[in-house]
Every structure is written in structure tokens, then in C-alpha cells.
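Record features (TrEMBL):
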| type | residues | note |
| --- | --- | --- |
| ACT_SITE | H73 | active site, proton acceptor |
| BINDING | D74, V124, G126, D128, S130, E142 | Ca(2+) 1 binding site |
| BINDING | H244 | heme b binding site |
| DOMAIN | 32-382 | domain 'Plant heme peroxidase family profile' |
| SIGNAL | 1-30 | signal peptide |
Amino acid sequence: MESQESGKIYSLMATLTIVLLLLANSVASAFSLELHFYRKTCPKAEIIVRAVLHRHIQQDPSIPARLLRLHFHDCFTTVTSNLLCFHISSCFHPKQMKELIKCMIRFCQKSLIKLMMFESYIVVQGCDGSILIDSTDDNIAEKEAPPNFSLRGFEVIDDIKTELEKVCPGIVSCADILALATRDSVAFSGGFSYALPTGRRDGTVSRMADAHIPSPSITVSQALADFQSIKLDLVDLTTLLGAHSIGFCHCGFFIDRLYNFKGTGLPDHEMDSNLLNRLRQKCPTSTLQNISIDPNIFMNEGTLTPFKLDQSFFKNVLNAKAILHLDQQLAFTNVTNKIVSQYVDRPNLFRKQFSKSMIKLGEVNVLTGKEGEIRLNCRKVNK
């Protein structure tokens with residue numbers, strides 16, 4: 001008899017859980033991004049973003065690379081919440097069916113609002129501008145995580161937000177500002193653009209522990225697993241790595257390839273010898289002992305267009321001149337090698353696919369509708 005009662009309870013729990021999750025999912029998907037989201041509420045929003053960004057790029061041509069990286073790190077943050085399981089398990093008493101039902105009702109009343117914010121509480125925290133939030137006395141923000149130490153470009157987003165607040169106070173989200181500024185960075189550095197859907201809302205959670213960025217020393221298979229976790233595929237992975245045609249990288253991210261690759265005491269034999277010698281001059285072994293002297297190295301070392309987003313990165317991959325281990329591995333996987341070769345021969349194909357992949361990246365687990373908030377200051381959540 002008791003086992004039958006327990007079975008009913010488990011069945012009820014499973015049913016209620018599924019219903020709640022389906023309800024939450026339907027609410028989250030009831031709103032979606034759209035082109036020209038601010039056409040009525042702030043018609044000059046995209047013009048203002050582009051104008052402020054242009055001023056910054058004129059002073060610092062590395063800004064596009066910085067914003068591309070900032071946007072990527074924002075979208076790649078993952079959060080797994082035990083909210084639902086915690087409430088159910090804390091209520092569960094096999095011999096108390098009525099109490100269980102009452103508890104489930106209390107859970108619905110108290111937590112359904114949070115549960116309805118499905119993507120930010122239950123599955124993944126994506127492109128929600130959480131990377132922009134500063135730490136507080138009682139919280140260490142995700143920008144403080146080691147992979148995010150060298151992120152730059154926050155001041156650009158701050159300046160854009162300031163200008164937008166003058167014209168359209170409380171309308172344009174920080175998440176959209178970052179996505180739009182990144183889109184326009186591609187236009188300024190690569191000479192091509194794409195139509196970007198907007199309507200993102202800002203997240204209210206930013207924790208160092210939630211930062212999860214693929215390491216530059218992992219394999220293509222490992223990186224693909226990370227990309228697939230946010231619904232991006234091998235084509236997206238290969239294509240988005242093309243952003244490494246611009247910007248800088250610290251020696252610490254690849255110095256093992258120069259002196260002690262995989263503990264062999266030897267450099268990575270897959271690296272071009274001329275590139276190896278140049279990098280050794282710029283990244284001496286003393287860099288290992290003193291991170292403060294770790295210099296910036298052009299990602300596209302040796303090219304004539306270090307600030308131009310183009311297919312030159314893929315040429316370097318085929319010529320064993322990619323700096324990062326992950327980048328170089330694109331040459332040794334059949335599928336990625338084919339994609340890389342196509343981009344070298346057909347630059348328009350790269351630009352077209354890069355645009356598609358950036359749009360996909362920018363739609364990873366966004367907050368929309370009434371989820372999240374519109375931050376008045378991109379560095380802190382509203383009171």
C-alpha cells in the first residue's frame with residue numbers, strides 16, 4: 001500500500017514538474033527578438049550606437065576586437081539552477097500526500113515568476129549583458145573570473161548607454177547595446193554587416209562561478225562540445241574563430257607551444273619555424289614567472305592587416321601560423337580543414353557565414369518580454 005502511495009506521489013511530482021517547465025518554456029518563447037525593435041520607442045538607437053562606437057574606434061583601432069570578445073564572453077556564460085529540484089525535494093514526504101500537494105502549490109505561488117524566467121533560472125544565462133556588471137561587496141561578478149581578466153571595451157558600452165539614456169531613458173538594454181556595437185564593429189573592421197534582431201533584456205545575475213569560456217588549448221572536439229551546449233555547430237565554431245584575424249593575445253595563452261608543449265620540453269612541431277622564432281623573441285621564458293610583463297601579441301602575427309576582419313586568419317591556419325593551439329587544430333580535422341580552405345578561396349562565403357553565426361551567437365538564451373530588466377547603468381542592476 002505504501003509503495004503504491006509513493007508511486008502516486010512520484011507520478012504527481014513528475015507531472016507537475018513537466019507542466020511547470022512547459023508553462024515556463026511557453027512563456028519564455030512567447031516573446032522573441034525582432035528587427036528594428038526600437039523603431040517606435042527609440043528610433044535613433046542604432047544610429048547613436050554606431051556614432052559613439054565610431055568615435056572610439058578612431059582613437060583605438062583595437063576596439064572592434066575587444067567588443068567581439070566581450071560579446072562572446074557574455075553569451076557563453078552558463079548557469080545551472082537547482083531551484084525546482086530544491087523546492088520539490090525539500091517538500092517531499094512519501095507518507096504525506098496532502099502536505100506534498102500543499103507544498104507544490106506554495107512552490108507555484110512563490111516561485112512561478114522565477115520559473116517563468118526559464119532561461120535565466122533553469123537552463124542557461126546567455127546574451128544578457130551580465131558580463132558588464134561590476135562586483136559588489138557581497139558578490140564577485142563574472143568579469144572577475146580568470147578567463148575574463150583581460151576583457152576590455154566596457155567604457156565604450158558605458159558611453160553608448162549614457163548617450164542613449166539622454167534620448168530614450170530606460171528603453172535600450174545593455175545586452176542590445178553590446179550586440180549592436182559588436183555588429184557595427186564587424187562593419188568597421190570587416191567591411192560587411194548584418195541585420196541584427198533586437199529586443200534583449202538585461203540579466204540581473206552575474207557571478208564569477210558562472211563564467212565558462214572554452215580554453216584556447218583544448219581540442220576541436222572539446223570546443224565543439226562547448227559550442228553545441230549553446231546550440232552552435234562545427235561550422236559556427238570554425239567560422240567564429242575567424243574573429244582571431246584581429247586583436248591581441250597574451251603570451252600566457254600559447255607560451256607552452258613555444259617551449260614545453262604538452263610537457264615534452266620542446267616546442268609544438270606543428271608551428272611554423274619562423275613564427276616560432278618571432279614569438280620566442282616577444283615571449284621570453286621570463287613571461288612564465290612574471291605575468292605583469294606578459295605583452296600583447298597580434299592574433300594575426302606577421303600579417304599586414306592586424307585590424308581587418310578577413311579570411312587571412314584561415315590562411316595562417318593552413319600555413320601553420322596560427323598562434324593558439326585550438327586555432328591550428330582546424331587544419332587537422334577533415335571537416336574543419338575543408339571549411340578553412342573554402343574561406344581562403346571564397347572570402348564572400350566567410351563574410352556571409354560569419355554574419356549568420358554571429359546572429360546565432362547573439363540569440364543564445366536571451367531574455368525577452370518581461371524577463372530581466374532594462375538596466376539604467378550597465379555596470380549594476382537596478383534597485
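Here the Cβ of each residue, glycine as well, is placed from N, Cα and C on the backbone.
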Seminar exercise, completed: On the domain 'Plant heme peroxidase family profile' (32-382), the mean of the pLDDT values is 87
Seminar exercise, completed: Row S130 (Ca(2+) 1 binding site), column other C-beta within 10 angstroms, all chains, value 30
Exercise. Roughly how many angstrom lie between the C-alpha atoms of G126 (Ca(2+) 1 binding site) and H244 (heme b binding site)?
Worked result: 22
For this session: Pick the one among the binding-site residues D74, D128, E142 whose Cβ has the fewest other Cβ atoms within 10 Å in this structure.
Result: E142
For this session: Across all the protein chains here, work out how many other Cβ atoms are within 10 Å of the Cβ of G126 (Ca(2+) 1 binding site).
Result: 26
Exercise. Would you say which of the recorded positions H73, H244 has the most Cβ atoms within 10 Å of its own Cβ?
Worked result: H244
For this session: Provide the three-state secondary structure of G126 (Ca(2+) 1 binding site) computed with DSSP.
Result: coil
